[in-house]
Every structure is written in structure tokens, then in C-alpha cells.
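The domain 'Beta-galactosidase 1-like first all-beta' annotation in TrEMBL covers 47-142. The feature region 'Disordered' is assigned by TrEMBL to 1-21.
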Amino acid sequence: MPSPRATGRTPPPLPPATARTALPPFVLGQSASLWDNLPMPVHVDLPEPMEQFGQAYGYILYRTHLDGPHRGRLYLGDVRDYAAVYVDRRLAGTVDRRLKQVALDLDIGPGAHTLDVLVENTGRINYGPHLADGRAGLVDPVM
């Protein structure tokens with residue numbers, strides 16, 4: 001809101017604060033597993049930002065299958081914005097753009113495994129030097 005010095009007018013008073021209320025206790029009786037409710041996959045050679053799939057917000061899941069053993073760093077690059085990495089549906093670690101994280105250590109045992117990277121788009125940047133970084137999801141090569 002413009003200041004009175006800029007406009008010569010005093011802004012109206014603030015509205016009263018919204019009253020707070022307490023919710024009665026309740027029980028969550030049902031749940032749904034992400035893994036059991038995934039849509040049909042879209043197959044691509046390399047990970048692409050979520051906008052390439054017509055998705056502007058929310059979550060995107062990247063999946064690959066690999067044979068172990070593998071031990072080392074999984075480089076995800078500039079994750080937009082937060083990634084949870086799962087091996088066989090078990091959380092193996094996270095990568096957070098706000099913390100300037102780009103990789104995590106993995107230790108995958110022998111045999112066939114599924115590697116999932118669930119990326120959350122936490123919102124859009126609308127100011128500052130990263131304004132042009134509007135794509136979300138995995139935007140760099142994964143190594």
C-alpha cells in the first residue's frame with residue numbers, strides 16, 4: 001500500500017483480527033497410499049521439468065529401475081524445489097533447494113530395485129535474481 005507521504009492520503013484503518021477457534025478432537029479414519037494411487041507413467045529418456053507434462057504445480061514422480069549393488073552419490077542438480085528419494089518405497093534421503101543441496105549418498109544392496117524421486121513444487125518465484133528459473137521438478141541431468 002502506498003505511504004501517506006507518496007499519495008498525500010492516509011490509508012484506512014486495518015480490519016479487526018479474525019477470531020481464533022479451537023477444533024474439537026477428531027480421528028482420521030482413512031488413508032490412501034501414494035504408491036497405490038499413481039497415474040499411468042509417461043516414459044521419457046531423461047527427466048524433464050513438470051511443465052513439459054502440462055503440470056504447473058504440485059508433485060511429480062520420477063522413477064527408474066536399477067540393479068544393485070550401488071554405493072555413492074546421487075546427483076540431482078538444481079532440484080525445484082524439494083525432493084524425497086525412495087529406494088523400493090523406503091525414504092533414502094531428501095534434497096532441498098532452499099539449503100542449496102544438489103546430491104545425497106545412497107547405499108543400494110544387490111538385486112533389482114526401484115528408485116523414485118518425488119519432487120514438490122513449493123510455489124513460484126515472483127521477484128529477485130531467480131525470476132527466470134520458473135521451471136519445477138528435475139531440471140538438470142541426474143547422475
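Every residue gets a Cβ built from N, Cα and C, even glycine.
TrEMBL entries are annotated by machine, without manual review.
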DSSP-derived helix, strand and coil totals, residue by residue, for the region 'Disordered' (1-21):
4 helix, 0 strand, 17 coil
Looking only at the domain 'Beta-galactosidase 1-like first all-beta' (47-142), what are its DSSP counts of helix, strand and coil residues?
7 helix, 54 strand, 35 coil
Whole-number mean of pLDDT values that fall within the domain 'Beta-galactosidase 1-like first all-beta' (47-142):
88
